[in-house]
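Noted in Swiss-Prot for the protein shown:
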| type | residues | note |
| --- | --- | --- |
| TOPO_DOM | 1-18 | topological domain 'Cytoplasmic' |
| TRANSMEM | 19-39 | transmembrane segment |
| TOPO_DOM | 40-61 | topological domain 'Extracellular' |
| TRANSMEM | 62-82 | transmembrane segment |
| TOPO_DOM | 83-153 | topological domain 'Cytoplasmic' |
| TRANSMEM | 154-174 | transmembrane segment |
| TOPO_DOM | 175-195 | topological domain 'Extracellular' |
| TRANSMEM | 196-216 | transmembrane segment |
| TRANSMEM | 220-240 | transmembrane segment |
| TOPO_DOM | 241-270 | topological domain 'Extracellular' |
| TRANSMEM | 271-291 | transmembrane segment |
| TOPO_DOM | 292-296 | topological domain 'Cytoplasmic' |
| TRANSMEM | 297-317 | transmembrane segment |
| TOPO_DOM | 318-347 | topological domain 'Extracellular' |
| TRANSMEM | 348-368 | transmembrane segment |
| TOPO_DOM | 369-395 | topological domain 'Cytoplasmic' |
| TRANSMEM | 396-416 | transmembrane segment |
| TOPO_DOM | 417-421 | topological domain 'Extracellular' |
| TRANSMEM | 422-442 | transmembrane segment |
| TRANSMEM | 443-463 | transmembrane segment |
| TOPO_DOM | 464-474 | topological domain 'Extracellular' |
| TRANSMEM | 475-495 | transmembrane segment |
| TOPO_DOM | 496-782 | topological domain 'Cytoplasmic' |
| COMPBIAS | 664-675 | compositional bias 'Basic and acidic residues' |
| REGION | 664-693 | region 'Disordered' |
| COMPBIAS | 682-693 | compositional bias 'Basic residues' |
Amino acid sequence: MEIESGSYQNAKKESWRTVLTLAYQSLGVVYGDLSISPLYVYKSTFAEDIHHSESNEEIFGVLSFIFWTITLVPLLKYVFIVLRADDNGEGGTFALYSLLCRHARVNSLPSCQLADEQLIEYKTDSIGSSSMPQSGFAASLKSTLEKHGVLQKILLVLALIGTCMVIGDGVLTPAISVFSAVSGVELSMSKEHHKYIELPAACVILIGLFALQHYGTHRVGFLFAPVILLWLMCISAIGVYNIFHWNPHVYQALSPYYMYKFLKKTQSRGWMSLGGILLCITGSEAMFADLGHFSQLSIKIAFTSLVYPSLILAYMGQAAYLSQHHIIESEYNIGFYVSVPERLRWPVLVIAILAAVVGSQAIITGTFSIIKQCSALGCFPKVKIVHTSSKIHGQIYIPEINWILMVLCLAVTIGFRDTKRLGNASGLAVITVMLVTTCLMSLVIVLCWHKSVIFAIVFVVFFGTIESLYFSASLIKFLEGAWVPIALAFCFLLAMCTWHYGTLKRYEYDVQNKVSVNWLLSLSQTLGIARVRGLGLIHTELVSGVPAIFSHFVTNLPAFHQVLVFLCVKSVPVPHVRPQERFLVGRIGPKEFRIYRCIVRFGYRDVHKDDFEFEGDLVCSIAEFIRTEAETAATAAETNGEDDDRMSVVGTCSTYMQGIEDHYESDIDDPDKPGTSEIRSPKPKKKSKSKVKKRVRFVVPETPKIEKETRQELMELTEAREGGVAYIMGNAYMKAKPGSGLLKRLAINIGYEFLRRNTRGPRNMLTSPHASTLEVGMIYNV
């Protein structure tokens with residue numbers, strides 16, 4: 001359950017070799033979706049709304065729209081503005097929301113503490129500082145957000161809408177990419193044979209793509225960048241050939257005047273066709289969402305030096321070819337492959353299919369990542385997360401989501417069988433995410449960057465107007481495919497809101513029904529409580545007080561372990577928590593009670609490894625707390641009040657371990673080994689873990705620096721660990737109180753309970769052994 005030891009922080013100063021290497025690697029991860037858009041943009045634009053004429057006003061107008069859309073949205077908005085709004089190197093919708101949570105104290109997580117604000121990444125980010133002076137409007141806006149819970153919920157729902165549309169894009173992008181790539185076979189065979197080849201081939205490729213997700217991409221990931229690089233070189237070379245061979249004057253269409261002529265001639269039909277032009281910027285959001293895997297400079301270099309010019313040349317080449325071929329539409333749909341020289345069509349078809357698979361892989365991986373972030377922030381049910389690589393940070397696989405995406409992707413592919421309707425659906429999902437980013441960015445500009453409100457207004461009006469124009473053109477196609485992302489987003493949003501609402505109600509019930517520390521301290525006198533050998537971990541969502549499940553447990557079984565730990569594993573609104581800040585440890589009651597509280601903090605992008613090192617880290621953190629408590633004479637007060645212990649920040653085993661030392665069992669069995677050898681470094685420990693899993697023993701070092709009383713407490717801690725660790729968890733069944741409204745009964749009794757029963761519980765998330773786990777059932781009337 002420890003964060004993976006990958007390097008997730010972007011270096012402040014990188015060598016040019018590192019930057020160029022990252023720029024090259026980003027081609028396969030970030031730009032796969034954006035690079036394959038030439039496959040279907042013209043085909044979707046000229047589907048029905050407008051027609052290609054001999055005056056070339058339509059094709060030149062479309063090219064002008066494509067050029068300025070790519071220039072203004074991916075280049076100006078994302079490369080030069082949005083990429084700067086990173087959350088300690090991380091990007092995406094939740095990165096913006098996390099920034100707002102910290103700078104405006106707008107937090108959807110119920111178990112937040114003041115101690116969380118002392119985290120290094122909480123206090124520092126690369127875009128601004130909370131110590132900078134705020135304008136009067138910014139201070140007023142911040143105060144309004146902090147005071148009004150309704151506005152906070154609206155902000156959360158806005159972020160969730162963007163997230164749901166990203167998930168919808170994870171369904172639609174593989175479908176339209178693979179289907180458009182395979183459609184190239186129509187130029188090489190008769191229509192009778194083509195209709196029996198195109199759809200089955202696309203479905204087989206999609207099934208294979210999703211079936212291979214379980215194995216991870218690290219084995220073939222090194223091929224992604226070369227495939228996209230080859231594809232970009234291919235389409236740019238074909239574009240240059242078509243420009244010089246068919247129409248060298250096509251560059252004139254880059255003038256905005258052709259957009260005016262296009263709309264003047266086509267009027268409402270031209271406006272409706274913008275839904276197809278919109279597809280030229282699909283995948284732009286990936287530049288920001290995948291920022292955590294690369295760096296700002298590397299992503300900017302890759303886009304400005306290679307991706308942007310290649311795409312412009314490709315679109316200009318297609319327009320140049322179509323400007324000299326006005327009867328193609330009567331024979332074939334206007335698509336990418338008609339502009340490819342006939343001798344190159346089969347090789348280009350193969351490269352296009354490979355590029356489509358790479359682009360689809362990127363959006364699928366991104367969907368897994370954003371669902372994990374939602375789950376960490378309490379906005380998505382707990383799901384099984386499989387780490388497919390021990391070396392590459394963030395390579396995860398979620399089985400349930402993978403198969404849901406595959407079924408939905410096959411359904412829309414088989415149901416539509418048409419690039420136009422697939423494009424309408426994909427376009428609406430893409431532009432909705434961009435609108436959400438624009439809205440959140442306007443708040444970030446004021447609250448986090450501390451810029452003038454005029455700058456925020458200019459940003460949201462300029463880019464919001466462009467995106468609203470495309471959004472309206474996509475929304476008008478509701479019955480022609482655009483209903484799909486809306487339906488998908490509604491279903492996922494309903495599940496997310498239901499889970500978040502149920503989680504909040506459960507936490508509120510725990511807070512209202514927690515028992516006082518006085519009750520816990522008086523147990524041995526009133527009920528004759530027995531203390532048994534071993535270490536007991538009471539899993540709770542509370543950061544203070546004693547949970548109701550423990551009182552319920554002790555009332556029915558009056559005994560608990562000689563060392564008792566109230567364990568809270570929670571997420572905080574930062575991307576990563578450093579190992580030295582992972583644990584908050586405190587004491588409950590007098591020393592002789594041996595009762596502790598441990599709060600384990602993870603960021604929303606931290607990777608939890610499913611292994612048994614968590615127990616060792618927990619024992620180490622408690623031992624370090626005991627040692628430092630004695631050394632600093634800051635002994636925890638023998639609290640008899642409601643609010644118990646003072647918490648101390650303690651790191652993992654790799655950062656501190658002077659209180660106790662760990663030994664492998666093979667070392668202890670050797671009589672020649674001294675009893676107080678130095679602690680192993682993290683790397684050797686990791687190498688030996690596979691051979692001696694769960695065979696680590698802790699020993700108190702023989703040193704005069706440790707006082708007798710402290711040594712005794714440390715020895716009892718190690719003896720309790722050797723006696724066995726028991727996990728005591730609550731299994732709550734939630735029911736709405738009698739007299740609750742219909743919506744609340746539907747949300748709690750049906751929606752939340754259905755999600756809870758069909759997703760992973762706390763025992764699965766902690767990877768606790770079945771034989772050592774005790775679940776305490778309770779009914780929560782909320």
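Just so you know, glycine gets a Cβ as well, placed from its N, Cα and C.
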With helix taken as DSSP H, G or I, strand as E or B and everything else coil, how many residues of the topological domain 'Cytoplasmic' (292-296) land in each class? 3 helix, 0 strand, 2 coil
Recorded stretch that, among 19-39, 396-416, 422-442, 475-495, has the most CB pairs under 8 Å to the transmembrane segment (196-216): 396-416
Mean pLDDT for the topological domain 'Cytoplasmic' (496-782), as a whole number? 74
Between the stretches 19-39, 220-240, 271-291, 348-368, 443-463, which wins on the count of C-beta pairs under 8 angstroms to the transmembrane segment (154-174)? 348-368
When counting C-beta pairs under 8 angstroms to the transmembrane segment (348-368), the leading stretch of 62-82, 220-240, 297-317, 443-463 is 220-240
Tally Cβ pairs under 8 Å between the transmembrane segment (422-442) and each listed stretch (19-39, 62-82, 220-240), then give the stretch with the top tally. 62-82
For the transmembrane segment (19-39), give me same-chain residues lying six or more residues beyond its boundaries with a C-beta closer than 8 angstroms to one of its C-beta atoms, as numbers and ranges. 74, 173, 177, 180-181, 221, 223-229, 231-232, 235, 279-284, 286-287, 290, 293-295, 297-299, 301-303, 305-307, 310-311, 314-315, 318, 335-336, 352, 355-356, 358-363, 365
Counted with DSSP (H/G/I as helix, E/B as strand, rest coil), the topological domain 'Extracellular' (417-421) has 3 helix, 0 strand, 2 coil
Per the Cβ under 8 Å criterion, with at least 6 residues separating them from its ends, the topological domain 'Extracellular' (40-61) contacts 176, 180, 250, 252-253, 258-259, 261-263, 265-266, 269-270, 272-273, 275-277, 279-280, 315, 318-319, 322-323, 326, 328-329, 333-336, 419-420, 422-424, 427
Looking only at residues six or more beyond either end of the topological domain 'Extracellular' (464-474), which have a C-beta under 8 A from one in the stretch? 69, 72-73, 271-275, 277-278, 424, 427-428, 431-432, 434-435, 438-439, 482
Using DSSP, how many residues in the topological domain 'Extracellular' (241-270) fall into helix, strand and coil? 26 helix, 0 strand, 4 coil
For the topological domain 'Extracellular' (417-421), find every same-chain residue at least 6 residues outside the stretch whose CB is under 8 Å from a CB in it, and list them. 40, 43-44, 47-48, 176, 179-180, 183, 199, 276, 333, 335, 480-481
Take the topological domain 'Extracellular' (241-270) and find every residue of the same chain, 6 or more past its ends, with a Cβ under 8 Å from one of its Cβ atoms. 49-50, 57-65, 67-68, 313, 316-321, 323-324, 339, 341
